[in-house]
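A short worksheet on the structure shown next.
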Amino acid sequence: MGKPGNKHEILLLGSFPPKFRFSLLLLNLEEYYFEQHTANHIQHRGSQNERKIRGSLKICSKSVIFEPDAISQPIIKIPLRDCIKIGKHGENGANRHLAKAKSGGISLIFSQVYFIKEHNIVAPYKTERGEMEYVFELDVSGKVEDVVETLLQLHRASCLDKLGDQTAMITAILQSRLARTSFDKNRFQSVSEKLHMECKAEMVTPLVTNPGHVCITDTNLYFQPLNGYPKPVVQITLQDVRRIYKRRHGLMPLGLEVFCTEDDLCSDIYLKFYEPQDRDDVYFYIATYLEHHVAERTAESYTLQWQRGHLSNRQYLLHLNNLADRSCNDLSQYPVFPWIISDYCSAELDLSNPGTFRDLSKPVGALNKERLERLLMRYQEMPEPKFMYGSHYSSPGYVLFYLVRIAPEYMLCLQNGRFDNADRMFNSIAETWKNCLDGATDFKELIPEFYGDDVSFLVNSLKLDLGKRQGGQMVDDVELPPWAQSPEDFLQKSQDALESNYVSEHLHEWIDLIFGYKQKGSDAVGAHNVFHPLTYEGGVDLNSIEDPDEKVAMLTQILEFGQTPKQLFVTPHPRRITSKFKSLFQTSSCNASTADSPVSPGEESFEDLTEESKTLAWNNITKLQLHEQHKIHKEAVTGIAVSRNGSSVFTTSQDSTLKMFSKESKMLQRSISFSNMALSSCLLLPGDATVISSSWDNNVYFYSIAFGRCQDTLMGHDDAVSKICWHDNRLYSASWDSTVKVWSGVPAEMTGTKRHQFDMLAELEHDVSVDTISLNAASTLLVSGTKEGTVNIWDLTTATILHQIPCHSGTVCDTAFSPDSRHVLSTGEDGCLNVTDVQTGMLISSMTSDQPQRCFIWDGNSVLSGSQSGELLVWDLLGGKISERIQGHTGAVTCMWMNEQCSSVITGGEDRQIMFWKLQY
């Protein structure tokens with residue numbers, strides 16, 4: 001199904017061919033269109049001037065609409081509540097509608113009528129008042145009685161005193177019609193299609209819902225409107241579906257939105273069900289179908305892509321809006337975008353000047369200090385529930401304020417056939433911004449169109465008569481700031497501003513206000529970000545309101561007022577990685593290496609080449625090929641260390657031995673045993689003279705390669721040592737005794753026979769046993785993973801914990817920092833790969849596999865992991881998928897080593913083998 005109209009980011013229902021002058025926007029809000037009949041409107045009946053105007057009579061829940069075939073004639077809309085008498089034409093008496101007459105005429109006597117779209121021009125409705133009679137003659141005279149009966153029933157509903165009673169009666173009429181009909185199976189695309197489920201629902205477009213039947217088969221999703229409008233059936237092939245979202249509609253969990261594109265703002269269909277169970281069943285069926293084709297995305301998975309520059313600021317905001325229930329089909333929850341630029345006066349726009357930008361850490365209402373002070377005084381004096389702002393930053397009225405030039409029929413629908421006062425229209429960008437800064441009740445943000453490519457919302461290309469301003473000038477195109485040469489230039493510069501460095505560095509602050517932790521509670525109060533309680537999800541429980549009148553009034557108020565997006569984040573949002581912040585976590589690393597070994601200019605350029613070769617290697621990591629394998633242990637291999645020249649490979653095993661294997665001669669050169677307990681990991685000190693091994697016997701052993709003996713033993717723990725790391729003469733040991741200890745006095749060269757004095761510098765205490773640790777490149781941070789699935793990030797400069805994240809259900813298998821220290825990746829027994837933001841501790845990506853990933857290496861974007869199944873898996877974290885599965889060991893892959901150029905890999909497994917892999921590209 002193509003989207004109605006063009007691909008503009010609002011669904012222009014009015015852009016059907018001219019013969020479709022009628023649109024559901026001619027109905028009142030919350031009104032239904034039931035049926036239509038070809039008919040003649042008889043004018044001046046019985047006189048010499050009698051005329052028959054051919055057209056279509058449409059029966060709606062609150063009005064009768066006649067659409068003449070000739071577009072020069074206006075569409076006629078007669079509200080049922082304004083009808084005085086309804087019956088067959090030419091009958092007298094109270095029961096005239098029941099008499100048997102041959103006439104096919106329906107007579108309506110009423111006190112008010114609207115004339116719409118004369119000559120097909122979109123303009124405010126013309127109203128005529130005073131008692132008058134219109135007669136409509138149906139082509140099929142046999143239907144007159146039924147139509148009159150229906151109209152009388154709907155008229156009774158319209159005349160009920162209470163709005164709640166009106167709504168209840170119309171709902172009952174609608175449900176009875178839906179119950180008498182069902183989906184027409186002849187509309188199936190193929191005779192072999194298998195019906196999965198059928199239910200009643202409404203198709204939602206802005207300001208309008210259209211009732212009908214939903215049908216889902218093994219290959220298609222169908223919607224058949226009760227009234228056959230705008231076409232008999234809407235069909236979506238399940239194979240084309242890319243994303244589906246559950247939606248709140250009218251504050252109830254009844255909506256479902258289906259997209260057949262990855263990035264489009266507009267969906268292919270939005271359905272509102274009558275029962276949450278029906279919605280959930282359809283969602284489950286489509287989601288199950290998609291599971292094999294498309295990974296479901298969370299806000300966090302997009303955060304990682306955005307942080308690493310794979311998503312633009314605009315794309316990221318679109319995704320967040322989507323996940324927060326914002327939809328182009330629901331004007332009370334339309335996507336919200338920030339004001340970015342604050343300079344609308346200068347002739348040139350300077351994006352390098354911070355003064356050009358709006359303060360993104362404050363809501364619009366707090367940008368003007370004086371206005372905020374007045375609002376806060378009122379807030380202090382207000383009884384509970386308190387709020388700072390009496391209007392919202394996003395509402396149907398605000399959306400159509402911006403879009404009136406391309407969606408005039410929506411504005412007329414929302415405002416009962418009228419445009420707004422000419423001076424209150426969207427006349428100028430600068431004027432609108434000034435009003436948002438100074439206006440007593442204007443706190444609106446922007447919409448995505450301000451950062452898109454379609455300029456039509458800024459230009460009066462439809463030549464609409466939008467009224468005359470006080471100065472005498474007509475409302476026409478939007479007045480642009482001096483720095484914009486044209487509407488196209490304005491949008492381009494707005495996009496440039498949104499993607500600028502300043503915004504990339506501060507956008508997370510605005511996300512905290514709109515989608516994040518400053519949306520509610522004390523953080524919202526502190527950020528001056530408190531709106532009316534009714535605007536928040538869960539602010540009112542409609543089901544608990546028993547009075548139908550009160551319920552309808554409450555819902556109407558909420559939908560008109562606007563709604564706060566669903567809260568996506570409850571902790572501070574991570575900032576984007578920009579060039580300015582890239583060195584943030586690496587400074588100490590640079591200082592340390594400069595102090596230790598001065599780097600010559602020649603080496604620096606070699607470093608750049610190394611980076612390039614690493615990138616190339618990781619881009620081709622799926623082409624890893626097995627070169628050779630050797631079974632050198634009697635139990636699972638637990639650790640691998642390799643000499644700098646790559647010739648000697650050291651491995652530890654649960655068989656309690658440390659082995660030295662020669663890569664050249666492919667021979668085992670040494671086998672060392674320190675005790676009869678398993679060894680858990682090993683590492684080689686710089687200079688390749690000493691191997692350190694950790695053991696389940698609570699000790700750490702220092703083995704001198706030159707002397708061929710154990711040079712020293714560190715008895716530092718009360719339970720098995722599970723993992724060790726070394727950097728800059730410091731040893732870090734993790735243990736099942738629930739501690740990680742930092743030891744000084746571990747020199748790279750352990751010469752002679754002298755025993756060493758190991759000093760404990762710090763003890764990092766945990767609640768349960770620690771199974772794995774890892775350092776960042778600068779050794780300023782350490783990450784530990786525990787038996788109970790917690791990932792802890794520690795600041796080693798102060799020996800304090802920064803974040804404690806319950807990441808996994810079950811033991812953490814492995815953890816490691818990204819090369820830039822911005823993220824931590826962890827794998828667990830639960831099969832999850834989780835990425836955590838180091839600065840905020842927020843979990844920003846989670847992927848699952850059918851088997852635990854026991855060990856891994858990663859470059860920040862891609863992961864090479866060793867699976868419980870024995871395979872090596874390549875993960876594309878940004879794409880959210882497994883790109884390759886490589887057959888490897890016959891048991892779990894338990895440890896992994898990669899050379900500096902990232903071109904060769906060694907793995908150890910439960911099958912007691914070590915395997916040598918090389919990149920072939």
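Any Cβ shown, glycine's included, is placed from N, Cα and C.
Across all of the domain 'BEACH-type PH' (190-287), the predicted model scores a mean pLDDT of 93. Annotation source TrEMBL lists domain 'BEACH-type PH' at 190-287.
Feature annotation from TrEMBL assigns domain 'BEACH' to 291-576.
For 714-744 (among others), the entry in TrEMBL reads repeat 'WD'. Cβ atoms under 8 Å from those of the repeat 'WD' (714-744) belong to residues 592, 596, 677, 680-683, 685, 692, 694-702, 758-775, 779, 782, 784, 787, 794, 796, 799 of the same chain, restricted to positions at least 6 beyond its ends.
Taken from TrEMBL, the feature repeat 'WD' covers 763-804 (among others). Under 8 Å from some Cβ of the repeat 'WD' (763-804) lie the Cβ atoms of residues 585-589, 592, 719, 722-723, 725, 727-728, 730, 732, 734-742, 810-817, 819, 821, 824, 826, 828-830, 834, 836, 838, 841, all in the same chain and six or more residues away from its ends.
Within the chain carrying the repeat 'WD' (805-846), a Cβ under 8 angstroms from the stretch's Cβ atoms is held by residues 298, 300-301, 303-304, 307, 569, 571-575, 577, 582, 585-586, 771-778, 780-781, 783-793, 852-860, 863, 865, 875, 877, 880, all 6 or more beyond its ends. Residues or ranges marked as repeat 'WD' in TrEMBL: 805-846 (among others).
Residues or ranges marked as repeat 'WD' in TrEMBL: 886-921 (among others).
Only residues 6 or more beyond the boundaries of the repeat 'WD' (886-921), in the same chain, are considered here, and those with a CB under 8 A from a CB of the stretch are 610, 613-614, 616-618, 620-642, 646, 649, 651, 653, 655, 661, 663, 681, 852, 854-857, 859, 864-874.
Across the repeat 'WD' (805-846), DSSP helix (H, G, I), strand (E, B) and coil residues number 0 helix, 24 strand, 18 coil.
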